[in-house]
Each structure stands twice: as C-alpha cells, then as structure tokens.
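Please read through the structure below; I'll follow up with questions.
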Amino acid sequence: KETAAMKFQRQHMDSGSSLSSSSDYCNKMMKVRNMTQESCKPVNTFVHESLQDVQAVCFQENVTCKNGQQNCHQSRSNMHITDCRQTSGSKYPNCLYQTSNMNRHIIIACEGNPYVPVHFDASVEDST
C-alpha cells in the first residue's frame, strides 16, 4: 500500500530535472504520476530538488498549515518548482495543464517517525 510519504514523492518530487523545460511537462508528468486516473487533479506542484533537501525542510521553520494544523514547515531557501494548473477548457479524461516554472520557498506538512514530508501545502515568494 502507498504510504503518505510515498504519495508525496510520487505527486511532488522530480529531482531528476532542474526545471521543466517544455510547456508539455505538466501534461506528461500529471499522467505519468497517476494524477489523472479517476479525475483531473486541478493543481499540483513538482519540486526539482533532491529528496534529501526537501526532507530537510521538515526540520526548518515551523508554520501553520492552510487547514490550521501545526505540522507545516517552510523552506529556508528558494527551491526550483513547477506549478501545474488545469486549463479551463480541459475535461477528464483529457486533462490539460498549464506549466509554470518558479523559484520559491515551499511549505510542506511532515509527520511520522522518521519525520518526513506527507503533504505539499503551498509555495511563497521571498518576503524581502
């Protein structure tokens, strides 16, 4: 069975590529990572950093999650991410996405022992 930590890696980790070079990236990745099977997942973020670096965020600044839970953490540094958003005209099973590359701080929820990422909460721009 897929654990929450495994699901996080499937849905949000893409360490292999530093940035999604093609506009087709989200269309391909959302399909390959099984996020268009029963419906189109409307929004998803991929992180192009090493799993080690993303797991380390669990021990960085503690912030409140969007849902009010207290187990979210914000990355100290910017990370290369790709935001995938479903385009307005696309309908299941033909899920189409808009690909946006960004460099932002990520906010993830962590839990368990070992304490690992289980949910991608948000990304934020530098507050400077």
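Every residue, even glycine, has its Cβ placed from backbone N, Cα and C.
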Looking at 1-20, 21-40, 41-60, which one is region 'Disordered' according to Swiss-Prot?
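It is 1-20 that Swiss-Prot annotates as region 'Disordered'.
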Taking the recorded positions one at a time (N34, T45), which has its Cβ surrounded by the most other Cβ atoms within 10 Å?
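Answer by Cβ density within 10 Å: T45.
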Sort the recorded positions H12, K41, R85, C95, H119 by C-alpha distance from C65 (disulfide bond) and give me just the closest.
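Sorting the recorded positions by distance from C65 (disulfide bond), the top entry is H119.
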Return the count of C-beta atoms lying within 10 angstroms of the C-beta of C65 (disulfide bond), excluding that atom itself.
16
